[in-house]
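Student: For reference, the structure I am asking about is given below.
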Amino acid sequence: MPSLIYAPVFALLVFEMSIFGLLIVPLPYTLKRKLFTFVSENPLIAKLQYGMKITFIFILILFIDSVNRVYSVQVELAKTKSSQNSAMLEGSGRMEVQARKFYSQRNMYLCGFTLFLSLILNRTYVLILDTLRLEEKVKRYEGDPKASGKDSDKLAQAGGAGEIGKLKNQLAQKDRDIETLKKQSEGLSREYGNMADQYSKQNPDSTPKKDR
């Protein structure tokens, strides 16, 4: 049963190692930009990232459990060695305790490396995105026509985690629209005040009607 539980963890570790290998493979700038833009905008990949976060929570629980098991086995070995009955140190009893210690340590290292590699993958992804943005800025300063366009704008907005990034961009656009409407309303109110002042100067005898 424990082997069935930790088999998906091992598969996830192999998957992370494959992704990390793809990240560090040297690719042409144009191909790498399109690849990272696609990864950042694809909603399916965003859902996959969300599912991976939930999976890592379960792996963290398994890691804590494996650490607890390693500690329990170490305490059991210490008690056995300190006891006067040395027969427990011989034969099948000792082998059984050593086997449990080995499996506990294996599970601890497996979960720990999986969690650690997930952090490295996330950090590597962010660093590569920052590097691509810096290269894009350098190309713009050099006057490269390929550095300005839809791909450049998409790269600048990359890293927003798919649907979440789109929602953030929509909220930012709504805020900009509200600010624009506020400025327009303030301009209209000032214009109305100026027209009212001009009308009152041109017709000093007319009195404005009060609303009831």
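Even glycines carry a Cβ here, placed using N, Cα and C.
TrEMBL: automatically predicted annotations, no manual curation.
Below are the features listed in TrEMBL for this protein:
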- 142-154: compositional bias 'Basic and acidic residues' (COMPBIAS)
- 173-189: compositional bias 'Basic and acidic residues' (COMPBIAS)
- 197-206: compositional bias 'Polar residues' (COMPBIAS)
- 3-140: domain 'BAP29/BAP31 transmembrane' (DOMAIN)
- 162-211: domain 'Bap31/Bap29 cytoplasmic coiled-coil' (DOMAIN)
- 142-161: region 'Disordered' (REGION)
- 166-212: region 'Disordered' (REGION)
- 6-29: transmembrane segment (TRANSMEM)
- 50-71: transmembrane segment (TRANSMEM)
- 107-129: transmembrane segment (TRANSMEM)
Student: Restricting to the same chain and to residues at least six past its boundaries, which positions have a Cβ under 8 Å from a Cβ of the transmembrane segment (50-71)?
Tutor: 5-6, 9, 12, 100-101, 104-105, 107-108, 111-112, 114-115, 118
Student: Report, as numbers and ranges, every residue of the chain located at least six residues beyond the transmembrane segment (6-29) whose Cβ falls under 8 Å of a Cβ in that stretch; write 'none' if there are none.
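Tutor: Residues 35, 55, 59, 62, 107, 110-111, 113-114, 117-118, 120-121, 124-125, 128, 132, 135.
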Student: Looking only at the domain 'Bap31/Bap29 cytoplasmic coiled-coil' (162-211), what is the model's average confidence as pLDDT?
Tutor: 71
